[in-house]
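**Student:** Below you will find the structure I want to go over with you.
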Amino acid sequence: AQKHLSLFPFLLVIPKVTKHLLSNPVFTCIILAACMEIAVVAGFAAFLGKYLEQQFNLTTSSANQLLGMTAIPCACLGIFLGGLLVKKLSLSALGAIRMAMLVNLVSTACYVSFLFLGCDTGPVAGVTVPYGNNSTPTSSLDPYSPCNNNCECQTDSFTPVCGADGVTYLSACFAGCSSTNLSGCSCLTSLPAANATVVPGKCPSPGCEEAFLTFLCVMCVCSMIGAMAQTPSVIILIRTVSPELKSYALGVLFLLLRLLGFIPPPLIFGAGIDSTCLFWSTFCGEQGACALYDNVVYRYLYVSIAIALKSFAFILYTTTWQCLRKNYKRYIKNHEGGLSTSEFFASTLTLDNLGRDLVPQNQSHRTKFIYNLEDHEWCENMESVL
């Protein structure tokens, strides 16, 4: 019965304590900056396999394997190195925020380099170039042509083939190939009938393999450096709240990370990617998945969204640095640097057991004091209460 009686005041104090935490500009800016950093991971990494597949003509399985073998281990290494640097350098909150700003700048520069690392879509018959007639207006491009009208080609799947003329066709059917050995393709009008053959897959772009190797190396560096900002952010967050609220502050952090960092970004990245589609597949008259993208626009939009999120995170880091530089003692609860042993263990407590902890006889418990406050007693300076 006692537990049920204590639940109601516990629920009442949650919004008030949350409001108090979010009214701290350092706390709020650090959480929002962490959300922006996670948003880049959640959005950019969610479509990275598809990006590699489209930009560098990789298969889905090979793209996912390369990501698993490179980007993820580098990110894990970055988290470890970030914590190691904070420990070895004994960084204060100001030092930690400077480290986060520097790491953010370097990782943003890596993302900017991605704008120049990619491959063009290349000529695709009926989508980017006309069928064998360069005088056809681009606005009237159509995958269906007199050379494949009798083939009854379907657009429910995308199985590209590369013609001997260097042009990619949506499928062997759209290339007008009548035989199973992919020869005698009537749409390859610039070549003799004996040489009118196609091979499975898109036509390769010149210099694409070298660009992919460079992209992979930069991605490893970017993943490692970007992950180094996580530990300094958490260090600042737990130093900017009172020991009794450290565990609750971490709970607010992870809640907002999931609400702001993991839900909207995939939707934003997905909508941006879909806007670059050149050709949609159809199934029973209904629009299906995108079969072909404009690789250049895809690359610029996809990377630019990540750069915008990283830039917003840098602005938030800068705001945090300005607040700490002007009034360090106001925002940092332990001014001597690292957490003491007692403060560390206090940060692992939760609000539901704070009222049951043993305290010295001459010290009133501050959390119980909060529970017993009436609404009119929540004065302006809540810092004195907590």
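Placed from the backbone N, Cα and C atoms, the Cβ positions cover glycine too.
Unlike curated entries, TrEMBL annotations are predicted automatically.
Note that this is a predicted model, so its numbers are computed, not measured.
Pasting the relevant annotations from TrEMBL:
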- 21-46: transmembrane segment (TRANSMEM)
- 66-86: transmembrane segment (TRANSMEM)
- 98-117: transmembrane segment (TRANSMEM)
- 141-189: domain 'Kazal-like' (DOMAIN)
- 212-238: transmembrane segment (TRANSMEM)
- 250-273: transmembrane segment (TRANSMEM)
- 301-324: transmembrane segment (TRANSMEM)
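How buried are the listed features, and what sits near them?
**Tutor:** Tertiary proximity for the transmembrane segment (21-46) is limited to same-chain residues at least six positions away from its ends with a CB under 8 Å from its CB atoms, namely 67, 71, 100, 104, 226, 229-230, 233, 236-237, 240-241, 245, 248-249, 252-253, 256-257, 260-262, 264-266, 268-269, 302, 305-306, 309-310, 312-313, 316-317, 319-320, 323-324, 331, 382.
Long-range Cβ contacts of the transmembrane segment (98-117) within its own chain (Cβ-Cβ under 8 Å, at least 6 residues beyond either end) map to 33, 37, 82, 85-86, 91, 211, 214-215, 218-219, 221-222, 225-226, 228-229, 232-233, 236, 299-300, 303-304, 306-307, 310-311, 313-314, 317-318, 321.
Under DSSP, the residues of the domain 'Kazal-like' (141-189) split into helix, strand and coil as follows: 3 helix, 7 strand, 39 coil.
Outside the transmembrane segment (212-238), and at least 6 residues removed from its termini, the chain residues within Cβ reach (under 8 Å) are 26-27, 30-31, 33-34, 37, 40-41, 52, 55-56, 58, 66, 70-72, 74-79, 81-83, 85-86, 91, 93, 96-97, 99-100, 103-104, 106-107, 110-111, 113-114, 117-118, 246, 249-250, 253, 320, 339, 347.
Listed by sequence, the residues of this chain that lie at least six past the ends of the transmembrane segment (250-273) yet keep a Cβ under 8 A from its Cβ atoms are 18, 21-22, 31-32, 34-44, 46-47, 50, 234, 237-238, 293, 298, 301-302, 305, 309, 347.
Here the transmembrane segment (301-324) has Cβ contacts under 8 Å with residues 25-26, 29-30, 32-33, 36-37, 39-40, 43-44, 47, 51, 93-94, 97-98, 100-101, 104-105, 107-108, 111-112, 114-115, 236, 265, 268-269, 272-273, 275-276, 331-332 of the same chain, all six or more residues outside its ends.
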**Student:** Give residue numbers and ranges for long-range contacts of the transmembrane segment (66-86): same chain, 6 or more residues beyond its ends, CB-CB under 8 A.
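**Tutor:** Distant contacts of the transmembrane segment (66-86): 45, 48-49, 52, 58, 96, 99, 103, 216, 219-221, 223-232, 235.
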**Student:** Across the domain 'Kazal-like' (141-189), what does the pLDDT come to on average, as a whole number?
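**Tutor:** That region's mean pLDDT is 79.
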